[in-house]
Every structure is written in structure tokens, then in C-alpha cells.
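Taken from TrEMBL as is:
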- CYS73: active site (ACT_SITE)
- CYS73: active site, proton donor (ACT_SITE)
- CYS224: active site, proton acceptor (ACT_SITE)
- ASN11, ASN64, GLY74, ASN75, ASN164, ASN197, GLU215, ARG216, GLY225, THR226: substrate binding site (BINDING)
Amino acid sequence: MLFTKMHGLGNNYIIFNLLENSLEEQNLQPLAKVVSDVNFGIGSDGMILICSSEIADFRMRIFNADGSEGKNCGNGLRCVAKYLYDHMFAETESFSIETLGGVVKVSIRSDRKNVAHSVTVDMGEPKLIKGMIPMKGEPFSTTINETFSISGKEYQMTCVSMGNPHAIIFVDDVDDVPLEKIGPIIERSELFPERVNVGVVHIKNNEELHYRVWERGSGITMACGTGACAAVVAAALNKKLKKHQPVRVHLPGGDLEIRWDENNHIWKTGAAEYICHGEIQINDSLSRSIV
Ligand SMILES: N[C@H](CCC[C@H](N)C(=O)O)C(=O)O
């Protein structure tokens, strides 16, 4: 099976294009763990399938490194958009992609230096009520800087869904937080029935913030596009940043520009790059591990 490995700010995915591979979509979920596992597969933060859609121009499915299916993936969307445009599946620079978290609109543009494409994605509207995150509690209430005690430690969290769930914690220094310790504890807390992505945020000034993530199903990654959107929403909800202004989000893998617009849509602009193309043989040992 042919694949393309791409990344958005270091958050990297193995992409299988089912528009040109005659692959059975439903049989591929177990492959996510195998291709993500460096010891056995190609090594990545997860796997993405490009599929046909009944309601949009294309459809994207995203699987985390542990094989769980995510409902959205901001960095993955930019990679898929660039791939579809570069490989002429998309005839125009703007098109729509269906995800489990909803349909998003993407637009490709060469960046100012005309060196590499940057991709702008309309990530749609953030969901703020507990029932939509989803998380335990009164389903129509929001979680803004609420204190929760998890495994004996208190965390002040603001929770946002960008089609996938994010718990945001404001800190003085994102690098001074043992995210590899608290991430899995919060991710698997009974507060979140579908688990949660955990992000720590430091507001640098009124136009910039730093963000680090422990991703649901993948652990620490270099960047998280939906998480960066959730971080900007949480900062505005906590009146740490003004709504509607562009915010530069600094992640370990690079920067994203995020804007929460006047129509309640979140816009994300950033790069998407190729890493390699290749072919994976579904031989006996591999097929044994994916059936
Ligand atoms: N781990 C996430 C999916 C990947 C999201 C992230 N890579 C992004 O760029 O948004 C989840 O299970 O919700």
C-alpha cells in the first residue's frame, strides 16, 4: 500500500489515500497502531485515511497512535488539504473536507515568500457546553476555569471541543509542567467519557501565547492544531486575550495563526510539509497483526 508521510509543525501522520488505493476502509483501523509504532511500522503520531464523502468534496479519518479514532485533527487537515491540491485531486484552491467532528472548509495559498504553501482552515464553531465536550456535569453548563480534583491534585481547567475534546490549563511556563505525568492522568480521568486532549497555555502578550499538548491516544506531540484553536478560545473566554483578533500560537514544532471571528468560526493558518512517500507491504506477519 502506497503512503505519504506529512507533518504540520512536527505533528506527523501516515496518510493512505483511499481515492487511489483499492483498500477496504473498515479493515484499516488496526493498521494505525502498527504504522505508528516505530519498532514495527514507519513511526508517526497516527494514521490518516483520505476517503470519498457524500456531503463534502473529500473525507478525512484520523487514528491516534494507540489506534483510537480522533474526531478531528487540525494539523492533519492542513496536510490532507495540501496533498489533495498538489496531487490534483482538488481542482480549486478552496474545498471542503468531512471529518467526524463536522465539515470544514480549507484554502491553500502560497505564503508571502512563495516558498511553501500555507493552508487556512475554517475549523467551524467551538463547542463549549459539557454535553458537547463531552464531560461529566450539567450538560448545558460550560467549564471555564473550573477547579477539578483528579487523583488528589487540583486543576483549574477550561474545556473546549473543536470536534474533539480539549482540557486547557493556564500556567506560568509551559515547559515547567510535567505534562508527561499529568497528561495521562487527566486524559483518562472519569470526568471525560471519551478521554481528552490536555493542553497547557502561557499567555505571552495580548497577541501571542505558548501551548504544549498531551494528545489523547498519542501522548506528547510537537503540535496540535485543534488544541491551538481550543487554547485561543479558552484564553478569550477567560478574558486573557481579546476575541476576534489574530493570535500567534507558539508550539514546540512551530507557530500557528488562529482567529476567532465575528461569526463564531475559528480560523487556523499554518504550514504543511511532506516527509516521505513509500509503500508498506501487508505481508503475513503484518496482516496477522492487523486482522
Ligand atoms: N489526539 C486527537 C486527534 C489529533 C489531534 C491533533 N493532532 C490536531 O492536530 O488537532 C484526538 O484524539 O482528539
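Heads up, the Cβ atoms here are built off N, Cα and C, so glycines get one too.
Curation does not apply to TrEMBL; its annotations are automatic.
Take the mean position of the Cβ atoms of ASN11, ASN64, GLY74, ASN75, ASN164, ASN197, GLU215, ARG216, GLY225, THR226, the recorded substrate site; other residues of that chain with a Cβ within 8 Å of it are ILE62, GLY70, ASN72, CYS73, GLY76, VAL213, SER218, THR221, CYS224, GLY227. Least crowded of the active-site residues (CYS73, CYS224), judged by neighbouring Cβ atoms within 10 Å of its own Cβ: CYS73. A straight line from the CA of GLY74 (substrate binding site) to the CA of CYS224 (active site, proton acceptor) spans 7 Å.
Across the structure, CYS73 (active site) and GLU215 (substrate binding site) are spaced 11 Å apart at their Cα atoms. Candidates ASN11, ASN164, GLU215 (binding-site residues) were compared with CYS224 (active site, proton acceptor); those inside 10 Å Cα-Cα are ASN11, GLU215. In the three-state DSSP assignment, the secondary structure recorded for GLU215 (substrate binding site) is strand. GLY225 (substrate binding site) falls within a helical segment according to DSSP. When secondary structure is read from DSSP and collapsed to three states, GLY74 (substrate binding site) falls in the helix class. Close to ASN164 (substrate binding site) in the fold, though at least 6 residues off in sequence, lie GLY70, LYS71, ASN72, CYS73, GLY101, ASN197, ARG216, THR226, each with a CB less than 8 Å from its CB.
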